[in-house]
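Presented below is the structure to which this report refers.
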């Protein structure tokens, strides 16, 4: 008896010591507490050290290459300012509501991107698996952009920038420097010339082959750059959110400084006004093309990192009473403002390049991911001390992409670790698991640093993590929360966390607006689907298109497949089975600490039939309708 009392006293001392802090013990994974192991409990979840850690992590996660590279590229691709119309429609009708939904869901359940759905709506746990498939494929190809950026950074440490002139071994006879074209009139009738920056990108960096059939050899210089970026990513997240929250203080702030500097330089270049005009004046006829709307919806979900499980995972590390609604609105404004301002920086440079070459703005850059590696490198060669500017720019590019990458990997790891917390959070198992995931992703990414790697990269970008996949997941997220769990029920949960009910627009978006936008855009994309092409010239073979659709269906099939599996595993008549697997888990989805939980006599509404400790009241849910 004395031994038992001594053990209890020891455990109580440990609990008091760790009451306010969750510092990892030596040899323990972050969030593992000694008293949890002694009592045989799952390791308690760690929390952000401060609010600023969460804000910078989210900002770093979705303010990245999607804003500085992808958004201006999509504007360029879709007729300039016309793209802004569907962009803002999807922003207020889908992006902000789904972003807030995911963060609030993670905070409410204190679970990652898979297990959170198992708590609030088990029948739609497939949403979590679909998100993990998408983010896993995304992590394989997104980091390749960082490998390109790192290669450019290394090339900057030369006496002269290698893409500034046509005196390099990879240049062709068609390579003409801009200064020569500007000073000589006999180039006016030549239409097949190329610039040194374009040839550096295509012939040196990519060494691009004739098609995806000709993958060619691995470019080991890019392979080493890819490995280096993966190693950096690993060490940014291997100790959990406590270390991640500190890394983003640098990776999430420095890029904004550089972006402002490049913006000021861009708008002062001759011809910048024409580029900005091309950016701001919409071609309304482009709105008839469903691809514009698909790209707008995809860009919103991609730039906000939603439907990937990442925002849910980051939100799961918030304290229960954290005001996530206020900060989600602030972060959303920051994200879209960064995209908009980045467009000025890009299009001012495009206008300058068009004037220098005497061509239309639409013809000055390659229609592909190489825009950031053509327009921006071109801009720095026009500045005093071009080497210094190039180094600073590519450091900015790496930091922008790096924090997005490791935040998405953190979301992927958190979601998978939460499936088996008692096993993967012990000792160094979490770190080993991260290393395995990073290494496997690196091996798969080697296919994209071959001579035909650009074709593989675009195949992943077009099918695996954009378009119909994200729209599909967003639709079912809204259905699960608004129509099965109940929008009013979820508003009650949010009110319990932040102390007040958010604007009704969020609820109506989850219930009607976002699902309608997603369904409409999804149907249009299928009706007017166009097979992938590269640079509007190369057509992918049928087998490559089949591989692309396999990548897309790999995530989409998870949701209906899990629904069927859950129903089969239940007992009773079909209706009773559906009701059983659609209801929240017994014991409640809330992660509310005990000191914040109301007494039974204080509840405004009766507890749900499953014994859920959340404030579940009769509302318009499918489950209650069936009852």
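Sequential numbering from 1, following the chain as shown.
Cβ coordinates come from backbone N, Cα and C, glycine included.
TrEMBL entries are annotated by machine, without manual review.
As annotated by TrEMBL, Na(+) binding site applies to 60, 63, 67, 303, 335, 400, 403, 404. The feature compositional bias 'Basic and acidic residues' is assigned by TrEMBL to 33-45. If you look up TrEMBL, you'll see 166-175 marked as disulfide bond. Annotation source TrEMBL lists region 'Disordered' at 16-45. The transmembrane segment annotation in TrEMBL covers 54-72, 84-105, 126-154, 220-238, 247-272, 292-317, 329-354, 374-400, 432-450, 462-487, 508-527, 547-568.
Shown on the structure are the features that TrEMBL records.
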residue	record	DSSP (3 states)
60	Na(+) binding site	helix
67	Na(+) binding site	helix
166	disulfide bond	coil
175	disulfide bond	strand
303	Na(+) binding site	helix
335	Na(+) binding site	helix
400	Na(+) binding site	helix
When counting Cβ pairs under 8 Å to the transmembrane segment (84-105), the leader among 247-272, 329-354, 432-450: 329-354
The transmembrane segment (292-317) vs the transmembrane segment (54-72): 3 or more CB pairs under 8 Å: yes
For the transmembrane segment (329-354), distant same-chain residues with Cβ under 8 A (at least six beyond the ends): 55, 58-59, 62-63, 66-68, 71-72, 75-76, 80, 84, 91, 95-96, 99-100, 256, 259, 262-263, 266-267, 269-279, 303-304, 360-361, 363-365, 371, 375-376, 378-379, 382
Residues within 8 Å of the 60, 63, 67, 303, 335, 400, 403, 404 Cβ centre (excluding the Na(+) site residues themselves): 59, 61, 62, 64, 65, 66, 252, 338
Integer Cα-Cα distance in angstrom, residue 404 (Na(+) binding site) to residue 175 (disulfide bond): 36
Cβ contacts under 8 Å made by the transmembrane segment (220-238) with residues that lie 6+ beyond its boundaries: 143-144, 146-148, 150-151, 154, 205, 244, 247, 398, 402-403, 405-406, 409-410, 413, 431, 434-435, 438-439, 441-442, 445-446, 449, 453
Contact call for the transmembrane segment (247-272) and the transmembrane segment (374-400): at least 3 Cβ pairs under 8 Å, seq gap 6+: yes
Recorded stretches the transmembrane segment (432-450) and the transmembrane segment (54-72) touching, at least 3 CB pairs under 8 Å: no
Best-contacting stretch, by C-beta pairs under 8 Å, relative to the transmembrane segment (54-72) and drawn from 126-154, 374-400, 462-487, 508-527: 374-400
Number of Cβ atoms other than its own within 10 Å, given for residue 400 (Na(+) binding site): 31
Distance, residue 166 (disulfide bond) to residue 400 (Na(+) binding site) (CA atoms, angstrom): 30
Distance from residue 166 (disulfide bond) back to residue 335 (Na(+) binding site), taken between C-alpha atoms, in Å: 38
Residue 175 (disulfide bond) and residue 303 (Na(+) binding site), Cα-Cα, nearest whole angstrom: 36
Rounded inter-Cα distance in Å - residue 67 (Na(+) binding site), residue 166 (disulfide bond): 31
Entry from the recorded positions list 63, 166, 175 having the most other CB atoms no farther than 10 A: 63
Same chain, 6+ residues apart, C-beta under 8 Å of the C-beta of residue 403 (Na(+) binding site), given in sequence order: 57, 60, 61, 64, 236, 247, 248, 251, 252
All-chain count of other Cβ atoms within 10 Å of residue 60 (Na(+) binding site): 26
